[in-house]
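These come from TrEMBL:
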REPEAT    88-129  repeat 'WD'
REPEAT    130-172  repeat 'WD'
REPEAT    173-214  repeat 'WD'
REPEAT    256-297  repeat 'WD'
REPEAT    298-339  repeat 'WD'
REPEAT    340-381  repeat 'WD'
REPEAT    382-414  repeat 'WD'
Amino acid sequence: MKLKRFLLRYYPPGIILEYDKGGYSRTKSIDLLDLTPGANPDELLAEIRQSEPLITESRAEQVKQLIIRLQQKQGQQDHHRFCFSKELKAHILPLTNVAFDKSGSRFITGSYDRTCRVWDTASGTELHTLEGHRNVVYAIAFNNPYGDKIATGSFDKTCKLWCAETGKCFHTFRGHRAEIVCLSFNPQSTLVATGSMDATAKLWDVETGEEVATLTGHTAEVLSLCFNTVGNQLVTVRHCHCFCNHVCVDLRVHTLIGHRGEISNVQFNWDCSLIVTGSMDKTCKLWEAVSGKCVATLVGHKEEVLDVCFDLSGHLIATASADGTARVFSATTHQCLLILEGHDGEISKICFSPQGTRVLTASSDKTARLWDVLSGACLQVLEGHTDEIFSCVFNYEGDTIITGSKDNTCRIWY
């Protein structure tokens with residue numbers, strides 16, 4: 001193996017190694033999820049060199065400087081206050097979803113008008129209209145971190161793969177017998193997974209457009225799915241109350257059983273060791289990814305849990321509920337650290353900023369709110385929508401927010 005170069009990843013902190021092996025270019029990551037500004041870079045370098053043979057003596061000082069750069073980034077104070085920039089009347093019919101590319105320079109919107117639109121974030125200019133579906137475009141995604149392809153899933157039972165640069169359709173994936181309601185690229189951008197109301201999930205080859213596998217373990221609609229950050233595991237959620245299938249790419253299956261109500265969302269943590277699920281039974285559950293064992297039940301909400309997520313480090317879990325509150329839990333101790341109160345309606349969406357210092361919530365009260373992770377204080381109320389906000393998302397740097405509403409508009413906040 002021959003090391004070619006280093007790439008720095010700020011969120012979550014890590015160093016990517018690009019190297020040659022057997023004539024092929026490959027990458028591996030050194031995850032520094034527990035890095036702090038006060039950590040000793042020399043001690044950390046020594047630990048890395050013990051486990052990573054590609055880091056030779058001649059490369060040691062370079063790696064140390066990369067560690068210091070990551071610490072400097074962590075030490076930057078986040079006093080950013082978001083200001084309303086633009087309102088986009090994106091479609092002639094209601095929106096279904098909003099998603100950024102990794103850089104945050106572009107975003108996409110799906111709609112009941114059967115199209116997906118690609119937008120320039122800075123100017124609010126429409127770059128492309130992706131047309132061809134014959135029914136609602138419900139699920140959309142960029143193939144981040146690359147950002148050169150877009151997948152759209154539709155109620156017309158098909159998924160389409162598009163060129164993000166030109167708007168050209170590469171492939172139409174056909175095979176589902178009912179509406180496609182969720183999709184995801186694997187991290188390598190070689191596969192697209194789709195979930196459907198026909199009770200199956202399918203894997204598709206991005207290059208050839210061929211179906212790779214049909215996952216048939218469910219007996220009811222597949223409403224949510226998620227790859228882990230390595231790309232060798234997929235979690236799918238079915239509509240039928242308390243079951244969640246954890247599917248490895250080699251098609252070994254764990255069934256995560258324990259919730260007493262429908263599961264609303266599912267997510268892996270960054271190092272792929274844990275899975276979190278939120279449920280209509282008012283709880284979240286934490287599962288070991290390898291064994292499928294439930295390790296904790298997170299309680300406290302008085303109504304259904306509508307969304308759940310990890311921060312990028314995997315240390316924290318945030319939950320959003322129909323009771324109008326959000327909570328932040330420790331993924332290690334499973335204790336509730338914060339209760340975020342202030343919304344006047346149910347909270348349907350929640351996410352952490354890339355830095356992990358802020359939580360963003362979207363509510364039926366027509367507002368989004370920004371919260372401080374340490375104190376639980378509400379830092380900002382993002383107002384202006386005239387109907388329920390169903391989507392909120394940060395860009396990669398955490399300095400731009402997009403909110404999507406049932407008022408048929410997106411708002412950009414800088």
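Glycine too: its Cβ is placed from the backbone N, Cα and C atoms.
Summarised as a single figure, the pLDDT of the repeat 'WD' (130-172) averages 98. Break the repeat 'WD' (256-297) down by DSSP state and the numbers are 0 helix, 23 strand, 19 coil. The repeat 'WD' (173-214): residue composition by secondary structure is 0 helix, 22 strand, 20 coil, according to DSSP.
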